[in-house]
Structure formats: C-alpha cells, structure tokens
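Per TrEMBL, the features are as follows:
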DISULFID  CYS214-CYS223  disulfide bond
DOMAIN    184-224  domain 'EGF-like'
DOMAIN    336-375  domain 'EGF-like'
Amino acid sequence: MLHVLRSQRLRWRWGDSAVGARGLGSQPGSEMASLPPRGLVPPLLWGLSLFLSLPGPVWLQPSPSPQSSPPTELHPCHTCRGLVDSFNKGLERTIRDNFGGGNTAWEEEKLSKYKDSETRLVEVLESVCSKSDFECHRLLELSEELVESWWFHKQQEAPDLFQWLCSDSLKLCCPSGTFGPSCLPCPGGAEKPCGGHGRCEGEGTRGGSGHCDCQAGYGGEACGQCGLGYFEAERNASHLVCSACFGPCARCSGPEESNCLQCKKGWALHHLKCVDIDECGTERASCGSNQFCVNTEGSYECRDCAKACLGCMGAGPGRCKKCSPGYQQVGSKCLDVDECETEVCPGENEQCENTEGSYRCVCAEGYKQMEGVCVKEQIPGWKLGCRQMK
C-alpha cells in the first residue's frame, strides 16, 4: 500500500513522467503538493497519503523504557544504509534494463538524457523500499526532498549518497571507527577500533556506548590485553596476539602444562602445574541425601542412588547405607523382598504378583476385573455352541 501511495504522490507532485508536467528540480512547497489531485484517486486515499507523509519517524519519538524496547531493534543508521544500498542497486538496474543491446550511438544519446532524469529517479524511488519495510518507508518520507536535491544539484560535488544523506544531512551515521552523537573515536582509535580484536558498540552510528565487545582471548577497555586463559604470544607497539593456555590454566607464561601461574576453579597449582581437586573427598561437594558424588575434571557430579538404597556411597545396590522399604540386606547388597511368599491377596480369584520393592494383586488366569471384582471371562461363542450341540 505504501508503495502505491508513494507512486501516486510522486505523480501528483511531479506530474506524469511521460509528459513531464513538473520537474523534480522545481522549488518545493508549491501548491500542487498541498492540494488533492482531481480525478486521480478518491479523497480518502489522498487523505491517507497526506497522513503518511507527515513527519514522525520512530527515532524522533520519545524513547521507550528499556524494559519495552525490542532487543533486536536496528539503529536508524542501518535503515539509512539499507535505503542507500537499495537506491544504488536501483540505479544499476534501471541502466541495465533500459539499455545495452541495440544501436550504440542511439543508446549513448538517450542514456545521457536518461541518466540524471526525473523519469529514472521516479523508477528508482518507487522500488527502493520493500513493501514490509516500514522503517525504510518512513525514512524515505522524511528524506525524499533531500534525495531530490542530491539527484539534481549535489551529485557532482558529493558522489557518495550515503555520506551526504545519512551522515552529513540526516546525521544518523558516523564515519567508521567512531560512535555517538558527536562521532567520538572508539576505544583504541578510529583507525583500529578495539585494537582490531573486538566490536565497538554503536560504531558508525550516532548511538551506542562505544564499549568494546572483545573477541575470545582478549580483554581490557580497548581489547589490548589477553583474557583469562590466554597469554601474550606476540606483542609490539601496534600488534597483539593472544594464544590459549594449557587447559586448566587461568594465567600462564606459555602454552605448556608447566607454564601455569594460576589455575581455573576446581584445580590447584602444584609446581607450576594444575592438578584436579577431588571435591568428593572434601566438603566442597554438596549432594542430596539420596545421591552420591562423582569427581570430574575440575568439578564433580551428583548422581541418584539405586532404588534399593536409602542413602548410598556409590552406584548400585551394593553401596547402600540403608535399604529402602521392600528391600532387605543380603550379604553386602540390598535385594528385593518377594512379598508374595508371605502376603496373600484377600480378594476372591486374585493372585499375588511381585514387583521391584513391592507387590500387586491381579486377577487369576481366566478372570478379569470388573468394578473391583475378579469375574470369570466368557468364552466367545460358548452359549451358541451349546445350543448347536443340543
């Protein structure tokens, strides 16, 4: 819908491109821009397009609270960059689709007229935003007259539309390596933000904190230090390479096992080597009353005791501290008690069935349970067979 409205609005303001009723180079603010066209669209459509053309981009409205702002919302600089990229692709497409495959002399003559024409600009603008890209449409509404001005008057002195529109005119973007309203250099300098080992938050936009999000192995304000578990393999005035320490080392002087200076949690330093701490043999482990501890490298695990155990010292029924109800101590193990040897099911035609740690009463063979009572199963066709035999 926005695509259609923009197309109509371009025709109202500029006239049909085929007859050239009004050029884009005309001064903005003429009465044609404020009056509804006669006989082109219903008044309702004109009113809707006028509403959509009113300024009010999302980024100029009061900022929502941090709790309600979507985490994936793009900075308007990214929207502007996308708009310019799409505009440039439109320029390539309009030249490619209209020329290249006929009379060369004729094409050169026509191309010189078409290259910077109103017709070409209309064709590009009508497809510069996808139908679902709301932010692109809003930005184009805001900046359309600037784009017109650049197209007719600024291309020669400012050939980079992104720099002219997004940075210099709308002030949505910053040069690479800078951030924020004043385009301040990122930590580490604009030429090599975050030392080349991280991402400067807000780089290239008029927002962000400038905080460096360092790559794995690097740390510090400008990612100029090696992070936990890494050491300086190379360093000079402008270059830093951090390499990983041996597995359990938190700080080290080199890559070998014997180069450790500090160990990660769960390890202890012993003669410049990190050795595993057995938490299960210390008070560091904390497992439930019916669990047992298993040591792992740098940590430990809590695993459930066997069903036969009430508390245990390890896996299986032979490591129980006490047997669960329904089990009994037989030698060193807790084994299931067969209750059916002593228990008699009280119901008529019932029989006992032993289960792990308990038992259950079921109907005897040839009987089935109906309303809590075991009744004899009817043999299909029995009565019919009896009648036939008589």
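The backbone N, Cα and C atoms fix where each Cβ goes, glycine too.
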Which sequence-distant residues neighbour the domain 'EGF-like' (184-224)? Criterion: at least 6 residues beyond either end, Cβ under 8 Å.
75, 77-78, 171-178, 230, 238, 240, 242-244
DSSP residue counts for the domain 'EGF-like' (184-224), split into helix, strand and coil:
4 helix, 11 strand, 26 coil
